[in-house]
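According to TrEMBL, the protein has these features:
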DOMAIN    84-217  domain 'Fatty acid hydroxylase'
TRANSMEM  6-26  transmembrane segment
TRANSMEM  47-75  transmembrane segment
TRANSMEM  81-98  transmembrane segment
TRANSMEM  135-158  transmembrane segment
Amino acid sequence: MHVLYDQLVLLLSTPLYIVIIGAELLMSHLEGVKAYTWKDTFQNFCLSLFTGLTDVAMRGVSLLALTFFFSYSFFNWQHAVAYWVILLLFTDMMHYWLHRLGHQCRLFWAVHVNHHTSTHFNFTVGFRSGVLEPFYSFLFFIPVALMGFRPVDIFFMYSVCQVWGILTHTEKVKKLGWLEYIFVTPSHHRVHHASNPKYLDKNLGTVFIFWDKLFGTFQSELPPQQYEPIRYGIVHPPDNDSIPTLIFHEWAAIVKDLRRPGTSFRQKLMYLFGPPGWSHDRSRMTSEDLRKQDKNFQDVKPLKNVICK
């Protein structure tokens, strides 16, 4: 029964999703704003379904792995409140690093990129998951198991964090005052989904924003008079938006780069493990390159032909 805790979260949160998506659709209609398209919404739910299937396929492996490390845990929690509060903090922090790796290492960006390919920003985009992520995401929670947290409780808390994460995918909620200092809010997450140079790879937390402030990846949402309006999506979108292309287009680009003639072994490793946009001949630009260009040439728009995220 304990194994089903995270599934219970999914079951209980589904009515909430239906209500908020319906409310967002209604508000958008009344405002005359096209926040949803049928195609984009269909893609979001398809990618969520495929991620769910890989999660089910890996559930046994991940549970066994975390149970193994839990058997060697070096901490025994006596206080229930402390147990759940610290589990929440540790789970959210480890997901921060999982998410950060998905932005700063190209091999993992190839998995995560489809979450950012939508040019819309609504609640259903929160379901646009990295289909292959369940194959390795559990590895990031081994330290949590070693800290004495039961694997089933880790799965449960991870699901709770994901519910909060989905709620941050909206343009309808503006800044939330003092909550902005503690929690990841829709304002913070709008920045995260932006392709504007200043916003790339920022605000990687799921529940708490102080991880970004602590580890140097925080960026507030700026008003139009201070910076350009947010552009959602990735800097260089794939040639088409079929489901297979959304999932595998970055993998195809990696294979193409690995086959480049005249590249050294080190350069091939960089094409795998370096930041997205890295190239041995500087023909492409990383997020940091784009940020420097944006800082030094405020009146120059980012190059249209750069091939990076």
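Easy rule for this one: first residue shown is 1, then count along the chain.
Glycine too: its Cβ is placed from the backbone N, Cα and C atoms.
Among the listed stretches 47-75, 81-98, 135-158, the one sharing the most Cβ pairs under 8 Å with the transmembrane segment (6-26) is 135-158. Sorting the domain 'Fatty acid hydroxylase' (84-217) by DSSP state (H, G, I as helix; E, B as strand; all else coil) yields 88 helix, 3 strand, 43 coil.
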